[in-house]
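Single-structure report; data block below.
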Amino acid sequence: MITTEIKRVKNHINGEWVESTGTEVEAVPNPATGKIIAYVPLSPKEDVEKAVEAAKAAYETWSKVPVPNRSRQLYKYLQLLQENKEELAKIITLENGKTLTDATGEVQRGIEAVELATSAPNLMMGQALPNIASGIDGSIWRYPIGVVAGITPFNFPMMIPLWMFPLAIACGNTFVLKTSERTPLLAERLVELFYEAGFPKGVLNLVQGGKDVVNSILENKDIQAVSFVGSEPVARYVYETGTKHGKRVQALAGAKNHAIVMPDCNLEKTVQGVIGSAFASSGERCMACSVVAVVDEIADEFIDVLVAETKKLKVGDGFHEDNYVGPLIRESHKERVLGYINSGVADGATLLVDGRKIKEEVGEGYFVGATIFDGVNQEMKIWQDEIFAPVLSIVRVKDLEEGIKLTNQSKFANGAVIYTSNGKHAQTFRDNIDAGMIGVNVNVPAPMAFFAFAGNKASFFGDLGTNGTDGVQFYTRKKVVTERWF
């Protein structure tokens, strides 16, 4: 339930809400107003150790619960999430800033991830081949791996945690969750509803905090696997540190997603698609379109319509239904984004829509409006770096081949999109683009939960992505059994 009082956030360990043993706290502001809504503890190593001990103890019994029973328990959780959709969306808007429309969409995507986890009896089925030799049968069995952990970012405080702990727990593991200290309130509510669904204590533990919690998770010998979503430098660190300590790690990292706009595209739908991908959720998502490679033949017409439509977007508090672009997560991030816009201007890009000049309209809060640059090239930082904001760069290319070459020159390879009505163009794009997730006339090619989610190159560190069969493989270990009876 959302209240106006300033909340002091707690950890949840072994089925109970407990104060952190540390003394450091961090203020949590509403990004739309700058007003403090909570204080979150920056928990020390000792809190992580307690959470791991609780999860380790719970694993002894939870791992032996029949898979259909685990699935039924998750159905109860799923029902509670569905019953509380409106409240969950409001919490997201309050602490993250994204519009209520975007938050509602996130809630639904999170629920879909739990729906996947409820199908654990099917997902965990092994394989068998009788009579592999005279009187000998062979089979593969799947088992949980133990205590696992998830480290999640601020930009999807519901969806990304729900990619992780429901599926891991459905597979028989127990879980330690560390969500972003910037969005702790939604994590609290997810855990509350989890235990309302009747799960045994210690199956899910929540430790709030910052880098000390991350390091403690990566170094703890009893944690078998770590799932991470965040920026490229931190993802690289998590992967290298976690694997050095003998853990399985999946680390989903940064992005610089390109969209190629062909002359044969549906212009109206393409413009609206690019706007939605680039500027919804204030551009704070790893699947946002941040570069458009538009073919010269249609470039002027496309840009004219794009700029005109973008200038209609309203910026402001996400609770106001007319607003399309909400605030950025923190003042420090806003200043970073303004620095990138200034660098684009200094490097010679043409600023077609300037999102810096909106303070008079929106007042306090960490707002940057939709921003569009033309004349961008690969030497500019606004093309190279993940800005994580409503900032769109346009690069003009002569044809599809040049657009693909441009896209593949990025160090990131998370998602990529083509807008075209030509099947051959789409096929060429699909076969030659280097990205983990590809869209053809699909604005944000983030797959449904029953498919794996992962990029390539500097967008992903690991072997198995989240969700789908990749997720099941990540959270389980195999035993190959060869048997003969006399």
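Cβ coordinates come from backbone N, Cα and C, glycine included.
Per Swiss-Prot, the features are:
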| type | residues | note |
| --- | --- | --- |
| ACT_SITE | Cys286 | active site, nucleophile |
| BINDING | Phe154, Lys178, Glu181, Arg182, Ser231, Glu386 | NAD(+) binding site |
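In three-state terms derived from DSSP, Phe154 (NAD(+) binding site) belongs to neither a helical nor a strand segment and is classed as coil. Taking CA atoms as the reference points, the residue listed as 'active site, nucleophile' and Glu386 (NAD(+) binding site) are 9 Å apart. Among the binding-site residues Lys178, Arg182, the residue whose Cβ has the fewest other Cβ atoms within 10 Å is Arg182. Neighbours of Glu386 (NAD(+) binding site), defined as other CB atoms within 10 A of its CB across all chains, total 21.
Other Cβ atoms within 10 Å of the Cβ of Glu181 (NAD(+) binding site) number 21 in total over all chains. Taking each Cβ in turn and tallying the other Cβ atoms within 10 Å, the top scorer among the recorded positions Phe154, Cys286 is Cys286. Taking every pair among Phe154, Lys178, Glu181, Arg182, Ser231, Glu386, the residues listed as contacting NAD(+), the largest Cα to Cα separation comes to 23 Å. Taking all protein chains in view, 15 other C-beta atoms sit within 10 angstroms of the C-beta of Ser231 (NAD(+) binding site). Secondary structure at Lys178 (NAD(+) binding site), taken from DSSP and collapsed to helix, strand or coil, is strand.
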